[in-house]
Amino acid sequence: MAPSKRKASAPPQTSHVNGNPSADKKRKTTTDAPPTNPNTSSDPLRAPHPFYKDSETHGIVLRKFYPHEMSNARAQAYNDNELPRPIETLSAALAETAALRKSLPVRQAVVHWFKMDLRLHDNRSLWLASQKAKEAGVPLICLYVLSPEDLEAHLRAPIRVDFMLRTLEVLKTDLEDLGIPLWVETVEKRKEVPTKIKELMKSWGASHLFCAMEYEVDELRREAKLVKLLAEGEKGEKMAADVVHDTCVVMPGALQSGSGGQYAVYSPWFRAWIKHIEENPECLEIYEKPGPNPPGTKEKHENLFACSIPEAPEGKRLRDDEKARYHSLWPAGEHEALKRLEKFCDEAIGKYAERRNIPAMQGTSNLSVHFASGTLSARTAIRTARDRNNTKKLNGGNEGIQRWISEVAWRDFYKHVLVHWPYVCMNKPFKPTYSNIEWSYNVDHFHAWTQGRTGFPIIDAAMRQVLSTGYMHNRLRMIVASFLAKDLLVDWRMGERYFMEHLIDGDFASNNGGWGFAASVGVDPQPYFRVFNPLLQSEKFDPDGDYIRKWVEELRDLPELKGGKGGEIHDPYGRGSEKVKKKLEEKGYPRPIVEHSGARDRALDAYKRGLARDL
């Protein structure tokens, strides 16, 4: 594949999903920070949801960093345009500083701030920074900020932190080959990140900063603060920050329905996404990696090149045995990402449509870790897949290629959701009224689910795979999420958190979107009365029990029954002989902790009662 390269051009102005962010003069200026006592505020939008104590008691809302769970009225205020969305706050800051960015002379250096874009290939922000430095004849300096508080607040899994640090080692080597330093700065207090970046830029004599936009609430607000902070000061002290769209193939908010609103359903959004790319082929043009720094950069910035990659912060470290296992399973860096992409497109993408739901087969790309860490851009992935299609189209030709592209596009869709419905980042379901469901907080049930000891073989196999590898097949994510939320009626947000704390590919938008779908509380959900039957799912997607045997040691000796239906391995206590049951009990394999039919009825009743409440 030899994708076309982008030529130098001026970065487009950042647009906002709703047009002019300052146009609505009626908007309230209240923030999301509540008073110490949530029941004493005169602002009704600051009152917490009536069930807020449950979310705090069970670790869903981290009060160390965030306010109480907001009321449904506050979530609705975002929908009614009464509260500014964080994207609007950042867009306003960029608009206010646009003239400065255009006119400010380059001083001694240009900085690129790496975040979740840990690659040289097809990195728009890095390319723009490189072009700026090249035009001015000054060095490009790269920066990564390690914030232990952010890792804690965002529930970053130790396995993912380890992958990120290993990727930084690869990135540092690749940059050094170009004479570009990578400075890694640890900032203990997350709120001090903008100030520390400004201090570093001042010490380097840098005038311009480039970084990719992240769409979660914390990051949008942080970058809005940074943009304004860098623009402050006397004439010779001002700095410019360009926060550019790059994470998604199509910028969130760019696609609007016929009525001018934002899409809340994937299918029409995806059709609009396809149409937009076809009409704007530059969406899939690939950015070149940066050129080398000017001669003498290494001598001038010797201290920056001497920077080492730190170890993981306390609480985010792996044991030595985990490191050995995970490093073998998950090689880090963009070279591995591109190699895996090419291998998948060469060997498996053509059969993706028919194999993608079978966890015992190598039918998927296993690229989610690279999308999450930014070692591979969605643009490169989709461009590569499209170019392998005999039609050279996104939605025509090989069915496997079409299906895979549509699955990668879900990633864009869920980030689009974060931008327009920001309260989903704040422990609220997409449909606020679903907050009124009374969930169970049965600790024994939740623990059995996390440890793969529910007595439902397909559930237990999937959860044990996570504990062993930090990864789970997407079909299984849907099955285990539905089981937790509906069979056990445990608050889906506890499962959402558990996934983020254990998955190597934990991405907030995709994880939140997936849980919203499975628990029927999110955007484009399955109706709440549709409840996955774990037995039927097991028979359909692991018919011979190969996946279950791999991960549930207690069931490996059960006889194989090709074709799945009736096989003991799917329901050993319900279908096994007395001898089989006795052997399972001796091995310690648990009986089912709930009866599916009764659990389904309980879930439907809880959903009906919750949705009938007006809280």
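Backbone N, Cα and C define each Cβ position, glycine as well.
Annotated in Swiss-Prot:
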- 1-53: region 'Disordered' (REGION)
- 11-21: compositional bias 'Polar residues' (COMPBIAS)
- 31-40: compositional bias 'Low complexity' (COMPBIAS)
- 108-249: domain 'Photolyase/cryptochrome alpha/beta' (DOMAIN)
- Y352, T364, S365, N366, L367, S368, D505, G506, D507: FAD binding site (BINDING)
- R356, Q537: DNA binding site (BINDING)
- 407-414: region 'Interaction with DNA' (REGION)
- W439: site 'Electron transfer via tryptophanyl radical' (SITE)
- W492: site 'Electron transfer via tryptophanyl radical' (SITE)
- W515: site 'Electron transfer via tryptophanyl radical' (SITE)
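Neighbour count (other Cβ atoms within 10 Å of the Cβ, all protein chains): 22 for D507 (FAD binding site). The FAD-binding residues named in the record, Y352, T364, S365, N366, L367, S368, D505, G506, D507, extend over a maximum Cα to Cα distance of 23 Å. Cβ atoms under 8 Å from those of the region 'Interaction with DNA' (407-414) belong to residues 248-250, 252, 263, 266, 269-270, 273, 356, 371, 378, 381-382, 385, 474, 507, 509-510, 512-513 of the same chain, restricted to positions at least 6 beyond its ends. L367 (FAD binding site) falls outside any helix or strand according to DSSP and counts as coil. For the pair formed by Q537 (DNA binding site) and W439 (site 'Electron transfer via tryptophanyl radical'), distance between Cα atoms is given as 24 Å, rounded to the nearest Å. Separation of the C-alpha atoms of W515 (site 'Electron transfer via tryptophanyl radical') and D507 (FAD binding site): 12 Å, rounded to the nearest whole number. Here the Cα atom of L367 (FAD binding site) is found 13 Å from that of R356 (DNA binding site). Cβ contacts within 10 Å of W492 (site 'Electron transfer via tryptophanyl radical'), excluding its own Cβ and spanning all protein chains shown: 26. Around R356 (DNA binding site), taking its Cβ as the centre, 20 other Cβ atoms fall within 10 Å, counting all chains. Listed in sequence order, G363, T364, S365, G400, I401, R403, W404 are the same-chain residues six or more apart from Y352 (FAD binding site) with CB atoms under 8 A from its CB. In terms of DSSP helix, strand and coil, the region 'Interaction with DNA' (407-414) has 8 helix, 0 strand, 0 coil. When the alpha carbons of D507 (FAD binding site) and W492 (site 'Electron transfer via tryptophanyl radical') are compared, the span between them is 16 angstrom. Of all the recorded sites given, namely W439, W515, the one with the smallest number of surrounding CB atoms inside 10 A is W439.
Across the domain 'Photolyase/cryptochrome alpha/beta' (108-249), DSSP classifies residues as 68 helix, 30 strand, 44 coil. The recorded positions shown are R356, W439, D505; of these, the one with its CA atom nearest the CA of W492 (site 'Electron transfer via tryptophanyl radical') is W439. With a 10 A radius on its CB, S365 (FAD binding site) counts 23 other CB atoms from all the protein chains.
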